[in-house]
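Visitor: Take this structure first; my questions come after.
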Amino acid sequence: MYTSHEDIGYDFEDDPKDKKTLKPHPDIDGGWAWMMVLSSFFVHILIMGSQMALGVLNVEWLEEFHQSRGLTAWVSSLSMGVTLIVGPFIGLFINTCGCRQTAIIGGLLNSLGWVLSAYAANVHYLFITFGVAAGFGSGMAYLPAVVMVGRYFQKRRALAQGLSTTGTGFGTFLMTVLLKYLCAEYGWRNAMFIQGAVSLNLCVCGALMRPLSPGTDGDDPEGKEPHVLPAHSTESVRSSGQLGGAEEKGGGPGTEDSLGDMPAQACHEKAAHRKDMCAFRVLKTVSRLTMRVRKGFRDWYLGYFGTASLFTNRMFVAFIFWALFAYSSFVIPFIHLPEIVNLYNLSEQNDVFPLTSIIAIVHIFGKVILGVVADLPCISVWNVFLITNFTLVLSIFILPLMHTYAGLAVICALIGFSSGYFSLMPVVTEDLVGIEHLANAYGIIICANGISALLGPPFAGWIYDITQKYDFSFYICGLLYMVGILFLLIQPCIQIIGQSRKKYIDGTNV
């Protein structure tokens with residue numbers, strides 16, 4: 001999504017007319033590119049999978065701190081929301097440090113957030129350690145994983161993104177089972193401590209994010225490596241010159257008396273030379289770092305605040321409104337389903353095969369199948385996208401009506417399959433804004449999803465605190481979701497009417 005000094009997908013070569021043409025990098029769509037898919041797959045398992053399994057910990061927090069459901073749900077929603085909301089700002093780190101360093105730092109911060117949360121004395125402590133710290137670390141590791149897959153793939157980008165994002169489904173299934181086992185055997189505090197250790201594997205995933213080599217520079221038509229001069233300062237040249245002059249003088253006649261002072265003088269000059277070289281290297285490093293930060297900030301600023309044309313695209317604005325309402329309808333079941341199962345006295349059946357695991361497993365197949373169907377030449381990506389959205393809304397409305405495990409399992413399967421449209425979001429975004437604005441536009445969409453994930457679960461908890469039912473929270477979220485879909489449907493009609501009216505006015509004027 002973001003372009004840094006590391007993320008270079010093509011090599012530049014000069015043609016006979018001195019114009020820069022693009023030569024595909026040898027690792028594009030093959031080779032190490034599949035290691036990027038593997039790395040991103042495990043990042044999705046460790047981050048998105050863990051967040052989707054937070055319903056297990058949410059039940060433990062309710063029993064431990066005896067707070068309202070609305071307040072307790074803020075912990076999970078903060079973690080999910082911050083992970084996505086900080087997406088545009090993580091671009092500054094990517095532009096400055098590159099994807100590999102950003103992901104490794106994010107893995108360390110995420111692990112630290114889990115470990116510190118194990119010592120929480122109240123819910124408000126979890127807001128900081130788990131919601132903000134672990135969430136910010138998740139965002140720093142998650143975004144580079146998506147970016148690097150996009151940089152390493154051109155022709156098979158949709159397939160690569162679809163395969164890597166299936167880690168969310170696998171992770172939800174695995175992390176739900178893992179957290180339930182750890183909480184039952186060791187308690188939720190030790191479970192979070194162990195999960196923090198597991199999260200250190202994000203650093204390994206980040207280390208696999210090898211930047212694409214820049215290759216041949218377009219300014220060098222012969223394709224030769226630029227010659228790098230040794231990093232000597234003027235002081236070192238002077239000292240070398242003085243030393244050489246002293247040696248020449250020392251070789252002349254009548255200088256035998258000064259030979260005894262030469263070793264002391266040489267040591268003194270060498271020490272001064274080393275001191276000058278150290279100072280020069282420090283200044284050089286600081287200068288390079290300053291230039292890199294300034295360039296990264298400039299690229300980040302122009303990328304987001306210099307693209308006002310995105311917001312003049314009415315269809316894209318409607319897409320943002322859709323994103324604000326859509327993600328909460330997918331997140332709320334993961335957070336509150338474990339407690340809903342307890343309210344319906346279905347805990348024994350849910351322990352055998354959790355409903356959230358059903359969503360996760362079917363979600364994997366949904367992403368792959370919908371991706372294959374959308375790639376068919378006779379199928380419109382937009383039609384697949386809208387149909388799956390309508391299916392998800394219908395499932396959200398029906399969910400409160402089901403009070404048996406079998407009924408809930410069927411609806412959860414529908415939610416999991418229809419939510420597979422997430423793999424189509426980059427394609428739909430590209431159709432709206434074009435490839436040149438895809439990175440910035442998708443960052444804005446992710447940020448909107450983060451706001452939805454941040455506000456959705458606490459809203460559902462507050463509705464329960466007022467009505468003592470989760471039914472109304474699903475109905476309200478479903479209605480808001482439907483409003484977002486209607487924005488997507490109405491806006492093209494408005495554009496068609498506006499274009500027809502403009503043509504009519506132009507025809508009458510002629």
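Cβ atoms here come from the backbone N, Cα and C positions, even for glycine.
TrEMBL labels come from automatic prediction, so no person has curated them.
So TrEMBL has the following annotated:
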- 32-54: transmembrane segment (TRANSMEM)
- 36-496: domain 'Major facilitator superfamily (MFS) profile' (DOMAIN)
- 74-95: transmembrane segment (TRANSMEM)
- 127-147: transmembrane segment (TRANSMEM)
- 159-179: transmembrane segment (TRANSMEM)
- 215-263: region 'Disordered' (REGION)
- 315-335: transmembrane segment (TRANSMEM)
- 355-374: transmembrane segment (TRANSMEM)
- 381-399: transmembrane segment (TRANSMEM)
- 405-428: transmembrane segment (TRANSMEM)
- 440-460: transmembrane segment (TRANSMEM)
- 472-494: transmembrane segment (TRANSMEM)
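So that I understand the layout, could you describe where these features sit and how close they are to other parts?
Guide: Note on the transmembrane segment (315-335): residues 52-55, 58, 73, 76-77, 80, 84, 172, 355-356, 359, 389, 392-393, 396, 399, 412, 415, 419, 428-429, 432-433, 441, 444-445, 448-453, 455-457, 459-460, 473-474, 477-478, 480-481, 483-485, 487-488, 490-492, 495 of its chain, located 6 or more positions outside it, place their CB under 8 angstroms from a CB of the stretch.
Same-chain residues lying 6 or more positions outside the transmembrane segment (355-374) and placing a CB less than 8 Å from one of its CB atoms are 49, 52-53, 55, 158-159, 162-163, 165-166, 168-173, 176-177, 333-334, 337-338, 341, 381, 384-385, 388, 405, 408-409, 412-413, 415-424, 427.
Residues 1-2, 70-71, 73-74, 76-78, 80-88, 91, 303-304, 307, 310, 316, 319-320, 323-329, 331-332, 335-336, 425-426, 429, 432-433, 470, 473-474, 476-477 of the same chain, all 6+ positions outside the transmembrane segment (440-460), place their C-beta atoms under 8 angstroms from a C-beta of that stretch.
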Visitor: Cβ under 8 Å, sequence separation of at least 6 from the ends of the transmembrane segment (472-494): give me the contacting residues as numbers and ranges.
Guide: 314-315, 318-319, 321-326, 328-329, 332, 336, 386, 389-390, 392-393, 396-397, 399-400, 456, 459-461, 463-464
